[in-house]
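First up is the structure itself, then whatever we jot down about it.
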Amino acid sequence: MKRTFLSAKLHKVITTAVELDYEGSCEIDGVLLDAADIGAFEQIQIYNINNGNRFTTYTIRGKDNSGVISVNGAAAHKVNVGDMLIIAAYGVYSEKELESYTPRLCYVNDQNILTKISS
């Protein structure tokens, strides 16, 4: 049997932009994507700490060390600049894979600069 578990989390990132007229997605600083091992165009869940909104979208790789967290398209209605978000990715694992499973938890400062990785 396969089960779905958290594979990575970007904890308490700050929204730097919202782009309603963009096709969709969430642009994320490339350094943060690499730290979390989240790929470009990978499905993510976003949890807005400020207003409780939760939604699904996908990633676009932003410029490294830019601090960018831009929520785009229809999802831009669910977020304001300055909102604090949790961005999560999930994976499907076999029982064997779960024996060595550890999620990557990434923490940032108030400028979205990586400060800590726990795994």
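Positions of Cβ are set from backbone N, Cα and C atoms, glycine also.
The feature active site, schiff-base intermediate with substrate is assigned by Swiss-Prot to Ser25. Sequence annotations record features per position, and here Swiss-Prot assigns active site, proton donor to Tyr58 based on sequence analysis. Per Swiss-Prot, the feature substrate binding site maps to Thr57, Gly73, Ala74, Ala75. Summarising the annotation, Swiss-Prot assigns pyruvic acid (Ser) to Ser25 and lists sequence analysis as the type of evidence.
Distance between Cα atoms for the residue listed as 'active site, proton donor' and Ala75 (substrate binding site): 11 Å, as a whole number. Residues Thr57, Gly73, Ala74, Ala75 are recorded as binding substrate; their most distant pair of Cα atoms lies 10 Å apart.
Sorted by the number of other CB atoms within 10 A, the binding-site residues Ala74, Ala75 start with Ala74, the lowest. Same-chain residues at least 6 positions away in sequence with a Cβ under 8 Å from that of Thr57 (substrate binding site) are, in sequence order, Gly24, Ser25, Cys26, Gln43, Ile44, Ile46, Val71, Asn72, Gly73, Ala75. Take the CB of Gly73 (substrate binding site) and look out to 10 A: across all protein chains shown you find 16 other CB atoms.
Listed in chain order, the extra residues whose Cβ falls within 8 Å of the Cβ center of the substrate site residues Thr57, Gly73, Ala74, Ala75 are Gly24, Ser25, Cys26, Phe55, Val71, Asn72, Ala76, His77, Lys78. The secondary structure of the residue listed as 'active site, schiff-base intermediate with substrate', as reduced to three states from DSSP, is coil rather than helix or strand.
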